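> Here it is, the structure, as C-alpha cells.
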Amino acid sequence: MSPPTGTSPLYFGGLVVFVLDSKSTWVGPAASHSQGSTIKHEKETRAVPTSPSTSSPSSLLPRRSHPHQATRLFFKSQPCLLAAKPSTGSSVLACRGRGAAAMSLEIERAASFLADLEMGSVLAAEPSPAGSAPALVLSSSMDKKKKKYVKQVTGRHNDTELHLAARRGDLPAVRRILGDVVAQVAGMTSEVTELEAVTAEMVSAVVNETNEFGETALITAAEKGHLSVVAELLQYSDKENISRKNRSGFDAFHVAVKEGHRDIVLLLLSHDPTLGKTFGPSNVTPLISAAARGHTEVIKQLLAQNFSMVEVAKRNGKNALHFAARLGHVEAVKALLDKDPQLARRTDVKGQTALHMAAKGTNHDVIKALVDSDPAIVMLPDKNGNTALHVATRKKRAEIVNLLLLLPDTHVNALTRDHRTAYDIAEELPLSEESAYIKECLSRYGALRAKELNQPRDELRKTVTEIKKHVHTQLEQTRKTNKNVYGIAKELRKLHREGINNATNSVTVVAVLFATVAFAAIFTVPGGSEDDGIAVAVHATAFRVFFIFNAIALFTSLAVVVVQITLVRRETKSERRVVEVINKLMWLASVCTTVAFLTSTYIVLGRRLQWAAILVTLIGGVIMAGVLGSMTYFVVKSKRIRKIRKREKSSKRSGSVSWHHTTDFSDSDFNPIYAI
C-alpha cells in the first residue's frame, strides 16, 4: 500500500507520518529503511510500504505555517513526536526504539494523551534544536473548558527554553517565548474573560517551571546577574513565585545576594521588602550569605533595608560578622561594625567572637578593624578558655600572633581551661619554621609555661572575686533572712496580741467570780445571824478581819472588771501595761480572798476545833507564800537578764543593731508579763 497523497507529512527520526482525519493515520519509514512497518490504530493493522523521503534534520518538525502543532517528548521511555490537529481533534504520537529498525506507533486522541500527561506518564524530553518548536504546545480536548499544556524540555538538567534564555541573558528570546504562550492561548480561546484567566495561568506556569535542581527561570537569571531578564520575569510573578526556593533552600533573592548582584537585590526588594528577612538552610540569612562572600555594597543595602537582621545568627550561633572575619573580608567587617560596634562581642555556641574567627584566617586588616572597634575583645575567652592568641598559635598564624602581642590588652600568659598558656600550645606544634617563629615571639614578650607561671596578681584577683561573690551571697542571704524574720515577727505579734486578749478575758471572768463570791459572803456570814439579821459573831475579832478582807477582795475584783470594760487597747506596750495592772489587782484580790477564808474558819469552828482552823491557816499560808515567792524570784531574775542584754546591745554597733531597725520591733514587745 502506498502512502496517501494530498496530505501534509510529518518527519520524525526516520518516520514519515500522514494524518488524514480522526480515524486514519499512516506511518512509514524514511528512505534509509527498506522494510515496511506496521500501523496500529484501534482494531485495524495494515502494512505500509517504504516511502521515499528527502527530509533533512531541520524538517523533523513542522514550520509555523504547517497545519499541525508538534513537540518532542519521551513517552514510556521512548523518544516520540506528538502532533495535534485542532480542526478535527485528532493527534499522532510517533515513537521509535533504540535501534533504527525497532519502530512502533501509538495513536490516541489529544485528550487521551494529555490525560496520560497529567498522570505522569510523559517524562522529560531530550533537547530539541534551537528554534525547532515553541516552548509550550497547547491542545484542545473534548472538554473545551479545560486547557492543557505540555512542557518542552531542552536542557540536560530538564531546563526549559525559558531557563536557557534566562541563563544566556537573552531578553528578546524570553519575550518571544512568553509571547508565543500568549499567542497560543489566544488561538485556543475566544472569550475575553476566559482568555485573560487562561493566559495568566499559562504564563505563570511557564515562568515558574523548575528544572531538576528546583530552579525557576527567575532564579537562573538572578544567579547570572541578568537584570533586564529578571525585570521581565517579575512582571509575570507574584510574591509566592518570587519567594519560591530551589532544592538547596535558596530563593531568587538569596541567590542574587550570594552572587553580589546589587541591582537585582534592589529590584527584588522593591517588589517584596520582606525578602531580606527570609531564611535559608541552617537559619542562614541573606546578610550572612553576603558577608560570607564579601559583597560590601549588598551588605550596606541589606542593613539599610532592615538593620535588625544584623543580630540574627545561624543555628551554630555565628552571625554575619563571624563569617566576614573568618574569610578575611575586611570591608564587609567594617560595614557591619559601623552599624553595630557591639557586634564584635557577640559569641557563637562555642563562645567564640569574630576575633577568634579572624585569628584562624590570614588577614591582618580584619584583626585591626575588630580591635579598633573594641580593644577589650582581645582578652575575651571562648568556652574552653581560649583567647585569640591561643587560637592564632594553634593555627600557626605567626604574623597574627605577632600582631596580637603588640596590643597592650593582650595577656601573653593567659590560661585555658585545661591550664595551658599560648607557649604550651606552641611547644605542642609540629616542628616547622612557623612554630619556631611563634615561640620566639612569645618568649620575647615574656611568655612562660603554665608550670613555670607564678601569678600572684591573678591569684589576688581571683581571691578578691571570690570574696566579693561571698559577700554578695551573704548580703543577699541577710536580706532574705530579714524579710523572713519580719514576717515571723508580724505573725508573732499577732499571736502575742491574741494571747494577751485571751489572758485579759480570762482574768475578767475570774474577777467576776471573785466579786460574786465576795458579795455573796456578806449575806451568808459564817456562824449565822440573829432573828433581826445581825451576825452572831459580829463582835468577834475574826469576823471583823473577815469582813474587811472580803470587802477588799470584792472591790478589787470590781475594779478589774471596770478596767477591762473601759480601756481600749491598740498597741502591744499598752496591752502589756494593762495586763500588769490587772495582774496586780488580781493578786491583791486573791490574797484578800484567802485571808477572808482563813478567818471564816475560826468563826465557824470556834474554840472547840481550833486546831483545825490553825491547820487550814498553815496550809493556805504555805501555798500562797510559795507561789508568791517563786513568782517574785523569776520576775526579778528576768528583769536583771533583760538589763544585761540591753547594756550589751547598746555597746555594739553591728548587724544585730541593724537587724532591730529593719525588723521594726523590740524585745519589750515580747517580755514576759508578770506582776508583783
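Yeah, the Cβs are placed from backbone N, Cα and C, and that goes for glycine too.
Values in this document were obtained by computation on a predicted structure and should not be read as measured data.
So TrEMBL says this about it:
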- 49-62: compositional bias 'Low complexity' (COMPBIAS)
- 498-604: domain 'PGG' (DOMAIN)
- 30-68: region 'Disordered' (REGION)
- 316-348: repeat 'ANK' (REPEAT)
- 350-372: repeat 'ANK' (REPEAT)
- 384-405: repeat 'ANK' (REPEAT)
- 503-525: transmembrane segment (TRANSMEM)
- 545-565: transmembrane segment (TRANSMEM)
- 585-605: transmembrane segment (TRANSMEM)
- 611-636: transmembrane segment (TRANSMEM)
> Residues sitting near the repeat 'ANK' (384-405): Cβ under 8 Å, six or more positions beyond its termini, same chain?
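Result: 350-353, 355-356, 358-362, 364, 367-368, 377-378, 411-412, 414-418, 420, 422, 425-426, 429, 432, 434-435, 437-438, 441-442, 444-445.
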> Apart from its near flanks, which chain residues at least 6 from the ends of the repeat 'ANK' (350-372) lie with a Cβ under 8 angstroms of it?
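Residues 317-318, 321-330, 333-334, 337, 343-344, 378, 380-384, 386, 388-389, 391-392, 395, 397, 399-400, 403-404, 407.
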> State the non-local partners of the repeat 'ANK' (316-348) in its own chain: residues 6+ outside its ends, Cβ under 8 Å from one of its Cβ atoms.
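Here the qualifying positions are 282, 285, 287-288, 290-296, 299-300, 303, 307, 310, 354-355, 357-358, 360-363, 365-366, 369-370, 373-374, 377, 380, 382.
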> Summarise the repeat 'ANK' (316-348) by DSSP state, stating how many residues are helix, strand and coil.
22 helix, 0 strand, 11 coil
